[in-house]
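Since the structure comes first, as structure tokens, the remarks are kept for the end.
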Amino acid sequence: MDRWAGKVAVVTGASSGIGAAITTDLAKAGMVVVGLARRVERVEALKANLPESAKPRLHAVKCDVSKEEDITQVFKWVEKKFGGVDVLVNNAGILRQTDLLGTDNGQMLREVLDTNVMGLVLCSQKAYQSMKKRSVDGHIVHINSVVGHKVFDFPQSNIYPASKHAVTAITETMRNELRNAGSRIKVTSISPGVVRTEILPESIIEGGHALLESEDISEAVLYVLGTPPRVQVHELTIKPVGEKF
């Protein structure tokens with residue numbers, strides 16, 4: 001992680017769970033971290049978990065990644081304040097409690113796609129343009145899911161697996177576009193199994209399933225960022241021991 005000391009990381013969905021763990025660990029590792037979230041006060045509260053030397057490196061910014069105008073304003077702010085972004089972690093993701101074949105739920109399903117897919121794409125576009133403009137060999141990390149590779153039968157998953165399958169395809173498309181452009185920017189998909197987070201249905205927790213913790217995924221992010229410039233971890237799958245899915 002030495003090469004990233006003092007560099008700028010943008011983390012979406014930074015207010016809780018995986019995003020909060022990643023935000024905290026990147027700041028501890030010496031990066032300047034811009035944590036994006038709708039609940040910005042919860043990102044600000046993460047400073048309590050940081051050593052005094054790291055607290056000034058964490059910047060909490062209100063942003064709803066389902067809104068393109070929010071994304072545009074945030075990346076303009078990052079460019080003005082810090083010069084640009086070196087690492088992007090697309091972590092923001094939502095799951096709505098409904099069925100795919102339900103009724104009067106079109107808005108709920110669109111919210112999932114707008115956040116999990118379009119938010120990821122639009123943030124990646126802004127980060128890439130920032131890296132390209134400054135000739136930075138940066139890194140874009142997508143927090144994907146095992147359901148982005150295989151659809152499992154669990155209640156009210158609705159359009160969530162489709163949104164994560166999109167992330168898998170988007171990762172490969174980005175890799176191809178970066179290669180064709182002669183870019184040294186890396187792109188990585190990290191696909192966790194079941195993680196104990198706020199969006200995890202209570203039925204999974206109460207069912208006694210094996211669970212990962214948010215910190216396990218954050219450690220994976222640190223690992224992929226710490227690889228040599230010649231190494232790209234394209235896909236990393238992480239499951240808890242004994243997972244049924």
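Placed from the backbone N, Cα and C atoms, the Cβ positions cover glycine too.
Annotated features in Swiss-Prot:
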| type | residues | note |
| --- | --- | --- |
| ACT_SITE | Y160 | active site, proton acceptor |
| BINDING | 11-40, D64, K164 | NAD(+) binding site |
| BINDING | S145 | substrate binding site |
* Residue pair S15 (NAD(+) binding site), the residue listed as 'active site, proton acceptor' - Cα distance, angstrom, rounded -> 20
* What are the non-local neighbours of R39 (NAD(+) binding site), defined as same-chain residues 6+ apart in sequence with CB under 8 A from its CB? -> S15, S16
* Mind checking which of S15, S145 has the fewest other CB atoms within 10 A of its CB? They're the binding-site residues. => S15
* State the count of C-beta atoms found within 10 angstroms of the C-beta of G35 (NAD(+) binding site), not counting that atom itself. => 30
* What are the non-local neighbours of M31 (NAD(+) binding site), defined as same-chain residues 6+ apart in sequence with CB under 8 A from its CB? -> M1, W4, A5, G6, K7, V8, A9, R57, V87
* Other CB atoms, at most 10 A from the CB of T23 (NAD(+) binding site) -> 33
* Asked: Cα-Cα separation of G19 (NAD(+) binding site) and S145 (substrate binding site), in Å?
  -> 14
* If one looks at the chain holding V11 (NAD(+) binding site), which residues at least 6 apart in sequence have a CB under 8 angstroms from its CB? -> G19, I22, T23, L26, V33, V34, G35, L36, V89, N91
